[in-house]
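Colleague: Let me begin by handing over the structure; questions about it come next.
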Amino acid sequence: MEEEARPAVGDGEAATPARETPPAAPAQARAASGGVPESAPEPKRRQLGTLLQPTVNKFSLRVFGSHKAVEIEQERVKSAGAWIIHPYSDFRFYWDLIMLLLMVGNLIVLPVGITFFKEENSPPWIVFNVLSDTFFLLDLVLNFRTGIVVEEGAEILLAPRAIRTRYLRTWFLVDLISSIPVDYIFLVVELEPRLDAEVYKTARALRIVRFTKILSLLRLLRLSRLIRYMHQWEEIFHMTYDLASAVVRIFNLIGMMLLLCHWDGCLQFLVPMLQDFPSDCWVSMNRMVNHSWGRQYSHALFKAMSHMLCIGYGQQAPVGMPDVWLTMLSMIVGATCYAMFIGHATALIQSLDSSRRQYQEKYKQVEQYMSFHKLPADTRQRIHEYYEHRYQGKMFDEESILGELSEPLREEIINFTCRGLVAHMPLFAHADPSFVTAVLTKLRFEVFQPGDLVVREGSVGRKMYFIQHGLLSVLARGARDTRLTDGSYFGEICLLTRGRRTASVRADTYCRLYSLSVDHFNAVLEEFPMMRRAFETVAMDRLRRIGKKNSILQRKRSEPSPGSSSGGVMEQHLVQHDRDMARGIRGLAPGTGARLSGKPVLWEPLVHAPLQAAAVTSNVAIALTHQRGPLPLSPDSPATLLARSARRSAGSPASPLVPVRAGPLLARGPWASTSRLPAPPARTLHASLSRTGRSQVSLLGPPPGGGGRRLGPRGRPLSASQPSLPQRATGDGSPRRKGSGSERLPPSGLLAKPPGTVQPSRSSVPEPVTPRGPQISANM
């Protein structure tokens, strides 16, 4: 800057020291000082310049979009001229707040003073009017230097000429008339004592014009500016948006109604006063002309509220024509305000819980649909219960909401909502976080009722399921059901082999599941080929241990792996983890159940099922062969199977090892869980697998001194969560045991000794019967 300024100086001044800076251009000086004249001291100029510019805060970032845009707007203010005020600056915010409070005071005080006060030259009244007129005049001047927000084009006018032109064309005339300092004129020339009645009435008319100023300020502030105030206060006090907006709207409605009643009450007394209280007006008829202003205001307010609420005429019906017209005007304004208040209040109440309102509207349509098709009562009840458990009284368009969000925010929400599912599944714990996120973003939430078939035997597998909450049973022909509960998954082998379901899966309780379609499953595994290899490796290992083979999986495993050496390590880790969990079922001592945690097991196969159910899911495949522990049946409750010892879940990354603590738990319903029931002396059920697929069942008698009750077909439970003994185990043609009365033994079976228990005596237990077919070792 100095190099450019030196040629303009004379030759005699060329030796001026460099520290003496030549005077800068006016525009450059204003830009350096933030739009403040150079005559002000440097610290004050910078401080004032900062107050006149928009600051970087949440509101400015929402308006302009970025820090860079805010800086550009600040540069616009600096280059616009001296004392140009940005409409979003801190100075304008505090000034508008002061004007808002002063405006509310004028809205309340001025009507009362103009209507009821006769002595208008008292010091308090003069001070109030002088301060009000001063602030209104200052606001009139500042409006010429404040940028104007053009709502049509979302543009902010900062050029002085553009601001002046637009303000002169809009609200300048109204502001000028309403800002005439009448009290200044009375104080300076002292004309008020010498004014006649007509001039005095003219002065009152000028005071009434002050309402135009107040209304113009309301329109200048704009509703958006009021919302901006409340948003900034909300951020300061850390209030939630819904609560803050609801409270503000309620206060706005109540305040507007009270303010209109206040104005109407003052108007009811002002009109008779301007007519010098004629004999047919309500003030003269009630002899209230010389009463105190408080009494007059109270009666006027009561009369106005009676009209506005349409509940009567007050103390008496109107007689004179002015009172009649005032009454009609009050009724019209009151009816309009009442309708607006009811409408806003209704909309406010509905907006407070819009999701529940949408649910109620949707369920009304469902009820009409059920009535139109004349559905039976039990079906209607199931539909009602489904909606209650699926939506829980609130309905959201979740796909639309998540689709409008950014991808990182959508992934964060999905990870948070599915955190319980991820925490219960070691498959996700051992997998890449990107794989977990890719799977979770493609899951679909589903709800099933007790008795619903989630998977039907013989159908083509198009989905796999992850269990968030609930209890399900795997059913196959001629086989006992196997339990699935929180944290388990099933159906992945059919997606890998594109085969058919070999068993059905039934919901025993209300189940909240997440499904993954075959297309999404393959898309995720194509993106993460190492996880496909891991799925296939674990599936083949499980099928191999139960003597099953799958040509499709073998062919895929023979193909070269596209992954690195770390993928093979992960596969070995998953397979080893799977085998360790399977061996943990056999290695658990019978007496350790009481010392372990009471958390229910994730897999609880009650009996060994035939080999045909092995491929239903990779988790079931292990559960079918590694359950060696006996399952006692309580003599006091034939319908309940009791856990004699803690059993580990089947080895699977999807079913983690969770110990069980034996404890008393009564079966309170058809779906009562049996994973934490005690083990009283009773018969125990054991089944072994044969290559022919037949379940060979035998019963072990209770220890000496134990009692027993008859196990008949009528005592079997109806619930799938409490399966019973087969009828051939308690047939009428089976031999009875000595001394047991009504107890019966199966016609044939294999007697097995539970691990860690004492073998009953030969007098109480018959010799084991050799099965017809060869047995598969459980240690496979």
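Placement of Cβ uses the backbone N, Cα and C atoms for every residue, glycine included.
Feature table excerpt (Swiss-Prot):
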type     : residues : note
TOPO_DOM : 1-96     : topological domain 'Cytoplasmic'
COMPBIAS : 13-32    : compositional bias 'Low complexity'
TOPO_DOM : 118-123  : topological domain 'Extracellular'
TOPO_DOM : 145-170  : topological domain 'Cytoplasmic'
TOPO_DOM : 192-200  : topological domain 'Extracellular'
TOPO_DOM : 222-252  : topological domain 'Cytoplasmic'
TOPO_DOM : 274-296  : topological domain 'Extracellular'
CARBOHYD : ASN290   : N-linked glycosylation site
INTRAMEM : 297-318  : intramembrane segment
TOPO_DOM : 319-328  : topological domain 'Extracellular'
TOPO_DOM : 350-780  : topological domain 'Cytoplasmic'
MOD_RES  : SER634   : phosphoserine
COMPBIAS : 687-698  : compositional bias 'Polar residues'
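Help me picture where these features are in the structure shown.
Modeller: For the topological domain 'Cytoplasmic' (145-170), the list of distant contacts is 73, 76-77, 80-81, 83-87, 92: same-chain residues at least six beyond its ends, Cβ to Cβ under 8 Å.
Within the same chain, residues 112, 116-117, 201, 204, 268, 303, 314-316, 318-320, 322-323 sit at least 6 positions outside the topological domain 'Extracellular' (274-296) and bring their C-beta atoms closer than 8 Å to a C-beta of that stretch.
Shown in sequence order, the list is empty: the chain has no residue 6+ apart in sequence with a C-beta less than 8 angstroms from the C-beta of ASN290 (N-linked glycosylation site). Reduced to three states, the DSSP call for ASN290 (N-linked glycosylation site) is coil.
According to DSSP, the secondary structure content of the topological domain 'Extracellular' (319-328) in residues is 8 helix, 0 strand, 2 coil.
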Colleague: Do any residues, 6 or more residues outside the topological domain 'Extracellular' (319-328), come within under 8 Å Cβ-to-Cβ of it, and if so which ones?
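Modeller: Distant Cβ neighbours of the topological domain 'Extracellular' (319-328) are 267-268, 271-272, 275, 278, 280-282, 285, 307, 313.
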